[in-house]
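Going by TrEMBL, these are the annotated features:
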REGION    A:1-247  region 'Disordered'
COMPBIAS  A:8-17  compositional bias 'Polar residues'
COMPBIAS  A:18-33  compositional bias 'Low complexity'
COMPBIAS  A:47-65  compositional bias 'Low complexity'
COMPBIAS  A:74-93  compositional bias 'Pro residues'
COMPBIAS  A:96-106  compositional bias 'Polar residues'
COMPBIAS  A:116-133  compositional bias 'Polar residues'
COMPBIAS  A:138-221  compositional bias 'Low complexity'
COMPBIAS  A:230-239  compositional bias 'Low complexity'
DOMAIN    A:298-336  domain 'Zinc finger Sec23/Sec24-type'
DOMAIN    A:374-615  domain 'Sec23/Sec24 trunk'
DOMAIN    A:621-703  domain 'Sec23/Sec24 beta-sandwich'
DOMAIN    A:715-825  domain 'Sec23/Sec24 helical'
Amino acid sequence: MQKRQYPVDSSNSLHQEQQQQQQQYNNQQYQQQPPFNNNVPNDGYYQQQQQQPPIVNNGMVNNNNYAPQQYNTSPPPPITTTATPPPPTPAAPFDPSQSTSPNSGAQKRVYPVDPMNQTTASFNTMNINNNTPAGYPQQQQQQQQQQQQQQSPMMPNYQQPYTPSQSQQNTYSTPQSQQPPMMPNYQQPQQQQQTYGQQQQQPLGVNYQPQQPQQQYNQQYGMSHNSNPQSQQQQQQQQLYPEPTEENMCPKSFLRLSMNAIPNSSSSLNKTHIPLGCTIKPLAEDPLNPVPVVSSTIVRCKRCRSYINPFVVWMNGGGRWKCNICENVNDTANDYFSPIDFTTGKRVDISQRPELSRGCVEFVATKEYTIRAPQPPTYFFVIDVCYESLISGMLQCAVNAIRESLDSLQQESRTKFGIMTFDESIHLYNLKNTPSGKPQMFVVTEMDNVYVPPFSDFLVNLKESRQVIENTLDIILSLATNQKNVQKVESCLGSALKAAYQITERIGGKIVVLQSYLPRGPIGLLPIRDVGAVLGTKKETALLQPSTEGEFYKEFALSCISNQLCIDLFLFSNRYTDTASLGSLCQITGGQMYYYPSFTAQKDGQVFAANLIRSLTRETAWEAVMRVRTSRGLNITSYHGNYFLKQSDLLGLPTIDSDKTLTLQISITDNINSKYSSLQSALLYSHSCGERRVRVFTVCLPVINNYADLFKFADIAVVTNLISKMAIDKALSSSLSDAREALANKCVEILTAYKTTLVQNKQNANPITLSTQAPNLILPESLKYLPLYVVAMVKNIVFSNHLTNPDIRSFHMQRLKSLDLDSCLNFFYPYFYSLLIPYNNNQQQPQSPPPQLDNTLPASHKLSSDALSRAGLFVVVNGYCLYVFVGEELHPKLCMDIFGCDQNMIDPTKFQELPVLDNEHSRYARKIIELSRAKYSEYMKITIVRARDKIRRPEFQSLLIEDKTPEGCSYFDFIMQLQQRIQKS
Amino acid sequence: MWELSTGGFDVTMTLSLIGVGGLIALIVIQLLLLTDLETNDINSIEFSRRINKIILPEYIIQAAFTVWFLLSFRWVLCVLNLPVLVYHYMRYQSRLHKIDPTKVYQITSKFGNHLMIKLVFYMIMFFIYLFVLLFNLFSE
Ligand SMILES: [Zn+2]
């Protein structure tokens, strides 16, 4: 066959330029490859990445779905345009724990150090780069600074303090400052130097208190504080006021706000149209920021009951303290008293008390915080053993996965375990440890009024009854296999849940439900809703909400809440299964739903097993409640995630685990006159080890008077997340088309607001344009990816106009609700890699030796067909699924090397994993997949997409969101539309 | 006002008066529950459970009177009650009459307003019934 020319080839002037800029990108005729320099220091790596100018083109898809041969962007492409999104970032290499063990990807979870999260890493980072999207307020403008100085002598200086871990911070700051792919006209190096210059001068200066921010400030502006007694006095006062620094703020992996500053009034917030809110991931796994556990007395404000934190103001020499949330002045208890060091304004014992120096701490709670003895970790399995469960192989997989996780569950000696199976009757197993090691089985057949015999031995201590439990698993499997000929399809989920409730209600814990059918039977029957007629109309919304019959599950979930029960739901149905109705079980109880449409063990077994094991073994907090307190003027308007609001501000979370995220929307009710605003979240929970604990996160943010400045402080990750969650609410309360409309409108509103601010003060702005063809579309540096994410959201399966199975859409909607920031962003804008070893510059040979992927993923391509090639092998990773695209002209030898068979022999319905083959191509491809998986806690299945696949190809194509797809216009077109709409308004 | 022509002691009006008094009492109970909720004295599940018990009786009493006015040819009173009946019917049809415990805190302010409007309406009705009753009594 004739070799086709692809848009990435050198005929394109854009790419020529690109090639010139980066010598490492080579052999583009065969395929575009990311740079691999295993030995090049990181700096170099990122610089290259930075130089790569991603291009906005109107990527229309031609007939054979490949990218156009020519760009429509006619003028010589200047470098001012960037469209590459932030998520694709090989950020991991800077984690020392990762770089040491290149092969540990699968077993040892490499913690995703996200581009956004890295912003969190240090304040120094932010200083290096004034344009950092998530940067904290800085003294950017002299004018502004002086103005603020007059108003507030306590102007925060974020360039301080220079913490001992400086070197580490710098390491982290490097990726941050150079990625996400920055504007080429970005004056970064200079800024960096400047900032370093300042910082380096500082220790050499006259300062006797290097920790004191104001001094540096004074020094910088030539103010002598020594000569002025008044200012000295002033300074002593301000020493008392704690400044937010990298050390004492809560790390962003736990709590992250959509703006790193608080507007002073609701009118200024409304003018920007940026949603104010935060995401909280209470049990985030963050190896860089271990949460210190404090077992001393818990000090709380008398009035608002908030916990002591680094931002309280010490008065009367330490005898009293002013709460930063409600401004109430509290007396310091005698046993908590410590004198104040007047040189630093901090307590003398600050180094011994993490709660005074860290924004995230965990208190070991006393008896007052416990109503009953902390609940043991409890897992109760409710397994559907109807015909479909056996045929699909689900039962076999489940039993194996449960058996596999027993060891790790047993590590906590108090763990309780129970299991129950059901079809048209309920089978209970008395797991009491007996010499015979055999369980006693009870069958309950009366399904409309379930009664469980009053034994306590349906739920037993795992360690004591381990042998019986293992035997029970065998028995369940053999019994079910014997029944294969009896085709039982009456799956009485409602009755089974009632029985499970009776067994677990006194203890609480987690009920794991595995369900293969739409529930039938006398209780909790769900009808098959008429899908075809309403799909694509406004009435589609009704399908995404619980049906009238689904109220049963809602009410059941509510009764679970009162008994600290949480439900995890695994659905395997190959027909309609009404995820919307069943989902309320998980949404209300803080559980999680997993859905494997048309499950077969061959196709999904591995993914299911991995997810089940993960859901059993991840860190879980039991019988938790959470409350977020805000300082005056702020008000939390709504929560998103899987929770139940017990009181107006008290979230009930029967369990919460390390994968769950809550999102809060905040409004401003009053004008805020103080200089700082605080927000504190407190999670009271039972640790698996049997301790009652309180996990407290505190953030303190400066209040900004000028609303135009707010754009600088916007955090695109949280903003996108908030907008998407608001759009889901809109979709459920109104319609999908309204939700899409709302998304686009939000983008227009924000950018219009930004344009208005630019008219008002020009010198303050640092605007950016996305394309030379849209010169009037200006947007703030911090939100430059907003249009891209909005396009991605509009085309995403959750909101798209594509006719989607409501089960799948509802599942993704619910999944998105409790998804963490990074996964959420990546679900909208996936990563896109080539799985083939990049070629050398001059030879038609793979690089030899083949590049080592030391836990570093290559740079992600932009999501457009331009990057596809017929002879290529690509993977698109969206956090839920890995789509492996096999080009139809993939070299047979490569195919043989990687798949172990001919291309035509790959069966997408049975494919689970790349085979482990001993050659460099296979190793490379597997490594990319392994590294991609390591970023997510959820295990991703692989979907093979062949170029001519009629079912999966459109699905794959819809992920390439920068192209024009049936779901919507291309990114370029969207930018042009945006420009038009903003000009009109 | 020809329906007022039935002179003497009006049993219907007395019953209506008692009925609307009952409706006002139900609304007051809901308002009290709402204040309890706002002060966190009861939780959302308990609140919804209690309110949902009250709502259907309220609808039924209100509907019964409207129908009775219609049957006894008291057109004016019937027409006055009709909008509320239609409103209740629509709420019931769209399954909005019951409070969803998971959304309690999103609707509290709206629900409060809704209760206040109903309270004012029932009060007005109370005085109208009272007027009709007294009018009939003294027009004898
Ligand atoms: Zn307080």
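Each residue's number is its place along the chain shown, starting with 1.
A Cβ is built for glycine as well, from the same backbone N, Cα and C atoms used for every other residue.
Predicted automatically and left uncurated, TrEMBL annotations should be read as such.
When each of the listed stretches A:298-336, A:374-615, A:621-703 is scored by C-beta pairs under 8 angstroms to the domain 'Sec23/Sec24 helical' (A:715-825), A:374-615 comes out highest.
Under DSSP, residues within the domain 'Sec23/Sec24 helical' (A:715-825) fall into helix, strand and coil as 73 helix, 4 strand, 34 coil.
Across the residues of the domain 'Sec23/Sec24 helical' (A:715-825), the predicted structure has a mean pLDDT of 89. Beyond the domain 'Zinc finger Sec23/Sec24-type' (A:298-336), the same-chain residues lying 6 or more positions past its ends with a Cβ under 8 Å from any Cβ of the stretch are 240-242, 244, 248, 345-347, 355-359, 363, 365-366, 629-632, 674, 676, 678, 680, 682, 694, 696, 698, 700. Taken residue by residue, the domain 'Sec23/Sec24 beta-sandwich' (A:621-703) breaks down under DSSP into 0 helix, 59 strand, 24 coil.
Break the domain 'Zinc finger Sec23/Sec24-type' (A:298-336) down by DSSP state and the numbers are 6 helix, 11 strand, 22 coil.
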